[in-house]
Ligand SMILES: Cc1cc2nc3c(=O)[nH]c(=O)nc-3n(C[C@H](O)[C@H](O)[C@H](O)COP(=O)(O)O)c2cc1C
């Protein structure tokens, strides 16, 4: 069986013919390359976070407070990084978290399509945001054999929410991820300073503008009067009224696996479980919404409360080593946001695929050299707290 670390060897072998890697091999390198290409206002929108950005920086730094115990003579020459999720086997424990502006992060302005192509090429599933440049059906058509998940920002128009879910089912998405932490936009000083927000400029609203329910609410079509359609979007986005009492309605929307994104407290896990959800998605939105604590610090409590239920995790993952630590702390699958987003900017689907290959090769080597053959062998006992 091939190891993901073979990617490593491939780079050295290409080097013998003078060929260097087509893209940077680290998160920092990819972020720097993207910074050279992106419009500065959009760059700030993606790179920035809530408040003083202490939470988003802490997300990444907190991984360094964990170390991995090396185990010797463990026979880990061949690794198995497959995971089981909702009755399917995935070749890797990674997934791409939803990025609502990824559509405009690529020069083609079809970044969502590039993400779907990266998923098809890598086998790494993508969670596709409600906020897309291309309608969800067009994106699903590019996913190849890799399942995709649809992320719902629940609009305050319930018929519209139902329409989005029906469309996602018809387009073949494998699950619905409801994001709970963004019923209002966080305090984001970088964006406030620019007084700019992509969606209010009419960008990444293709799912709304193509939706029969949304269109039925307008006097003039979005093509005729995009300004009024954009205001209509702003009025329907977000759902301050959503509460635990609405969970039966959300659950009743679909028979597909239903996950709640943004759950960080064990009591919320228990309520979600009682409400019949299929998976928990532990995340603090990459530190973009509200100041909290490093997301990885929430993971052990969430995993314990979830018991047998799958737990997806994201926020602050920047390397293959971080992926291994999140798995050891109990994540079923580990999500990345900005790392693949920068890859899309730098090289479209190929750039994101490259970033995924780098993370997987590093995770695979970190496991193998430290003596862990399978993800099941990674537990909290594999980790040591470092000052
Ligand atoms: C520019 C940007 C846009 C995002 N848009 C969405 C979105 O539309 N829906 C959502 O649930 N999360 C969204 N997120 C949050 C990500 O899904 C994910 O939780 C976060 O990026 C993970 O942190 P990381 O960037 O440190 O890896 C967005 C993140 C970024 C950076």
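Yeah, the Cβs are placed from backbone N, Cα and C, and that goes for glycine too.
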Further glyoxylate ligand in TrEMBL, beside 153, 188, 285, 288, within candidate set 45, 54, 69: 45
Separation of alpha carbons, residue 151 (FMN binding site) and residue 288 (glyoxylate binding site) (Å): 17
Annotated binding-site residues 98, 100, 188, 318, filtered by Cβ under 6 Å to ligand 1: 98, 100
Nearest recorded site to residue 45 (glyoxylate binding site) by CA-CA distance, among recorded positions 261, 285, 318, 338: 338
DSSP three-state assignment for residue 338 (FMN binding site): helix
